[in-house]
Amino acid sequence: MSPYILTVLLLGLGLGTTITFASSHWLLAWMGLEINTLAIIPLMTQHHHPRAAEATTKYFLTQATAAAMLLFASTSSAWLSGQWEVQQMSHPLPIAMVTIALALKIGLAPFHMWLPEVLQGLDLTTGLILSTWQKLAPFALLLQLQPVSPVMLTILGLLSTLVGGWGGLNQTQLRKVLAYSSIAHLGWMILVLQTAPSLTLLTLLTYFIMTFSTFLVFKLNKATTINTLAASWTKAPALMSLAPLIFLSLGGLPPLTGFMPKWLILQELTSHGLASTATLAALTALLSLYFYLRLSYAMTLTASPNNLVGTAPWRFTSMQSSLPLAIAASTTILLLPLTPSITTLLPT
């Protein structure tokens, strides 16, 4: 792809998200989401492959459905209350419709079916943009919605953590594992969306850092399946010894960074008398932890002369800069001791 076209598309992604961030009117927020969708579609189809075309078509149809539902809900709200303001939506029916539309946009269960299939058809760089940047604009709208039914959010959150853990158990494709990981993390964020929005933002930021470092590890090794990941030990031994720590941080294992948001969310739920919800969320986190342990086992404890399907990869020198990966991996592994400082920055 031409650098000029790539620059225009990336600027379009930034513009769409910024418009949604800055808008207090539903039509402008909808317009920002549409610009975002239209900007990423050429990036998804830049590799002319049937899988990429299929993934792009599924993504477009899903996002168009969610955008139409969002527009219908905001029009209904304006008809019922005479208000187009994002924060002035008061009728429960439009609020429920907008919540469902935004859940479909980011891939919350039970509206998650498109996400693993779409992510599987993309290359790792576009998959990284889809897993991180594309979540920002819908989350900005979700945070402004008041008041969403707490029962609805709890059901969406618990179902997402369960589906995200359960769906990733039997996967051998790394991109599908990351898609189910995304669904599970989104579930954790939704659980405390109403009670502690600042904690939701902290969880989102932590998820972005951990996912960024995971995608860069896969990109450096050109790994898309567990088998190729297991065979990449000889290519970058130092990185492969750190990669299991990155995966276990994604799973939320102490004393790694990923434990911090889960710990704070469980504490927040318990302080609001939702001990049963916190217990169920913690139990579903064990499912996610299992498939990260599978990845770690495949990388570190499988014997080198293994009977892989396929040929051994050529060991070309990687052209990827190691600085972003070094920063992201360090943050992914070492941030937990700073939890007291981070919690003091969160608004109460």
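Positions of Cβ are set from backbone N, Cα and C atoms, glycine also.
Heads up, TrEMBL stuff is auto-annotated, nobody curated it.
The annotation domain 'NADH:quinone oxidoreductase/Mrp antiporter transmembrane' is assigned in TrEMBL to 23-287.
If one looks beyond the transmembrane segment (60-81) by at least 6 residues along the same chain, the residues whose Cβ comes under 8 Å of a Cβ in the stretch are 26-27, 30, 33-34, 37, 41, 88-91, 93-95, 97-98, 100-102, 104-105, 114, 118. TrEMBL lists 60-81 (among others) with the feature transmembrane segment.
The annotation transmembrane segment is assigned in TrEMBL to 93-115 (among others).
Same-chain residues lying 6 or more positions outside the transmembrane segment (151-170) and placing a CB less than 8 Å from one of its CB atoms are 96, 99, 103, 108-110, 112, 116, 176-177, 180-191, 193-194, 274, 277, 280-281, 284-288, 290-291. TrEMBL lists 151-170 (among others) with the feature transmembrane segment.
If you look up TrEMBL, you'll see 177-193 (among others) marked as transmembrane segment.
For 199-218 (among others), the entry in TrEMBL reads transmembrane segment.
Sequence annotations record features per position, and here TrEMBL assigns transmembrane segment to 230-253 (among others).
The annotation transmembrane segment is assigned in TrEMBL to 273-293 (among others).
Annotated domain 'NADH dehydrogenase subunit 2 C-terminal' per TrEMBL: 289-342, in sequence order.
If you look up TrEMBL, you'll see 325-346 (among others) marked as transmembrane segment.
Contact count against the transmembrane segment (325-346) (Cβ pairs under 8 Å) is highest for 199-218, out of 93-115, 177-193, 199-218, 273-293. For the transmembrane segment (273-293), the residues of the chain that approach it from at least six positions outside its boundaries are 154, 157-158, 161-162, 164-166, 168-169, 171, 177, 180-181, 184, 187-188, 191, 247-248, 250-253, 262, 265-266, judged by C-beta separation under 8 angstroms.
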